[in-house]
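Here the structure is laid out as C-alpha cells; the discussion comes afterwards.
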Amino acid sequence: MMRLAAHHVLALESSIVKATSHNGFITKSLNCLSAAFTTGVNATVPGKLHICVVGSGPAGFYTVDRLLKRYGDAVHISVLDRLPTPFGLVRSGVAPDHQDTKNVINQFGSVAADPRVSFHGNVLVGRDVDVSELRALHHAVVLAYGAESDRRLGIPGEEPSVGSTDGGGGGGGGGVFSAREFVWWYNGHPDAAHLPIDLSKVRSVAICGIGNVALDCARALLAPPARFVPTDMAAHALAQLAGRGGPGFGGGGAAGSSVREVHLVARRGPVQAACTPKELKELLTECGVSARTAAPDQLVVSEADAAEMKATRLKRRVHELVTRAVADAAEAAGAGGAAKGAEEEAARRDLFFQFYRNPVEIRREGPDGAVTGLRVERTVVRPDGPGGASVAVGSGEYDTIECQLVLKSIGYKSLPLQGVAFDSRRGVVVHREGRVLKQASPADTLNSGAAAAANGGGAAPATDLGLYVVGWLKRGPTGIIGTNLVDADETAASLVADTDALVRAAEMTHGSAGPPGLGGLSALLRQRGVRVVDWRRWRMLDEQEVAAGRAMGRVREKVTEVREMLRRAGFEMQ
C-alpha cells in the first residue's frame, strides 16, 4: 500500500510548482502544505486511484457511481461543487411541482455517503483551486459542472439601455431574463435569489422558445399558487405568486402576481415544438389555463409537416394536444362568455401559442426603458436546411406582442475553464468519447472517429491524458436527467480503459507513491482558508431545511444565501 512519505510531499510540491507557477504559488505556501502532510493531519487514502469530479449534479454523481462499480475498493473520488449544496440542476433546475423527479437525490445521497467518496462543497474551481492543481493532486479529473450560461437572442432591446432601472416590472435587470435565471430564481439558487423581478407589475409575459423549460416557466407563472405551496419552491418566489396573504403565508405583506397571460413564441410551427407531450399535457390540463392563438394560421401545418407527424407519434401528439386545447377553450368561451362574471373573467389565465413568430426586437417604451412588448416577424417554414431540415424564413410581416417581461428559453450554454480545450460556438468542452482533447477545431467537437474523418482520414488530435468530461459540458444541454447515465457510462469506460496509462503518468511525477489525492486537496484548501462543506456539514443544512419546511407543511424551506448556508452548516460567520 502506498503511504504519503517525505519524498511524496516533495513530489507534490514539485508538481504544484510546475502547474501553478503562472499564478505565483510561493515557497511559503509549499512549506505550509508540507507541514500539513508530515504532521499527520491529513486524510490521504493510500493505495487508491485518486479521481476528482468537478460538479455534483446528475452527470457528476452518475459518473461517480459508475467509477465506484468499476474500481471497487481501489478508488477514492473527491467531488467538488462551487455551492455549499450538492445535486446541481436537481435542486435548482427541476420544477418544484416535479418532486418525483427530484427523488433521484436519494440515490445520489447514498453515493456521496460512501466512504470511498468525499464531498467538497463551496469550492470554486478557478478561484479556490485551479484545474492544473487538481490534476497534480489526482490521477484523473472529470469535468461535470454543467451549463451555467445562456444563448442570446442577439436582437435590439435584449440589454437594458444605459441608466435603465427597469427589472421586469421594477428593478435593475432590464425586464429580460433567461429562462435559466428565472428557474434559478423560483428554485432558490443563490445566484438568482435577488433578481429584480416584481410580478405584481407584470400582466403579460413573452417566453421565447417552446421546450420543456419554457413550459416549466409558463406553469410557474399561470398555475394556481396553491400548487406550489407544498413544494420546495423558494419562499420569495411563492410570496410573489401568492402574495404574503395567500396560501402558505400568514397574511399581510407583498402583493401577488398580476400575470394573466403567457405567450410561447416559436420561430417554427407546432410540429417542430421541442417540448414533450407529457409536460405539455400537464400545463394544458392541470393548471387551469385557457389555450389560445393570436391568429388562426398559427396551427396550420404544411404537407411536409403532416407527413412528419404521420411518421412520428410524439410530434403528432404535441400537435393534437395544442389544437384540441385551443378548440376547447374557444368552445368554452363561446358557450358562456356573456354569462361569466367579472370575478371569473379576472381569474382567467391565458396561454398563447405564438407559432411562426421570430423575435426581432424587445420594445422598451415604458418609463426608464421598461419593457412594453416583443416585436416578432411572421415566418414560413421551408425545407431549406441541411438534408431538407425545416427552417423558418421571414415573411416581412411584423406584429408586436404586448408584455412587460421577456424570458429567453433558447438554450443553456457552458462556460470555459482556463487550460481546457473549449468550443465556444457550441459551448462544450472538446472531447473524444469523454476524453478531453489537447486542441480545439470544429472537427474535434464531434465524437469518436468523426474527428479523424474530418481531418481527411489522418490521426485525430491527441487526448489530454487524465482530463475527462461528462454531461451538458460534454454533449450540450440536451436530454433528461437519465440521459446523463448513458453519458457517464461512456466517460467512465474511457477513464477505466486509461487506468494503466494514468498510473504510469502519476509515477513519473510522484514516484511509486502516486498523487496524494484527498489528503493533498484537503491540505491545499485548508491552507487557503476555504470553508469546505463536507457531507456531514451538508447534512446539517439539509436537516434544517427539511425541518423548517415540515413546520410549514412543505417539502423543505430552502436557504438561498451562501453565508447563511455556511452558518447553518456549522461555520462561524462574522
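All residue numbers here begin at 1 and follow the chain in the order shown.
Cβ atoms are placed via backbone N, Cα and C, with glycine included.
Listed features, source TrEMBL:
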BINDING   A59, L89, V125, W472, G479, I480, I481  FAD binding site
BINDING   R267, R268, E279, G479  NADP(+) binding site
DOMAIN    50-283  domain 'FAD/NAD(P)-binding'
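What TrEMBL annotates, mapped onto the structure for a quick look.
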| residue | record | contacts (Cβ under 8 Å, 6+ apart) |
| --- | --- | --- |
| A59 | FAD binding site | G88, A144, G146, V470, G471, W472, L473, K474, N484, D487, A488 |
| L89 | FAD binding site | G57, P58, G146, I481 |
| V125 | FAD binding site | V54, L80, R82, V131, L134, Y145, L417 |
| R267 | NADP(+) binding site | Y356, R357, N358, T379, A392 |
| R268 | NADP(+) binding site | F355, Y356, T379, V381, S390, V391, A392 |
| E279 | NADP(+) binding site | N212, L215, D216 |
| G479 | FAD binding site | D487 |
| I480 | FAD binding site | none |
PLDDT averaged over the residues of the domain 'FAD/NAD(P)-binding' (50-283): 90
Whole-number Å value of the largest CA-CA distance among R267, R268, E279, G479, listed as NADP(+)-binding: 21
Annotated FAD contacts A59, L89, V125, W472, G479, I480, I481, maximal Cα-Cα distance (Å, integer): 26
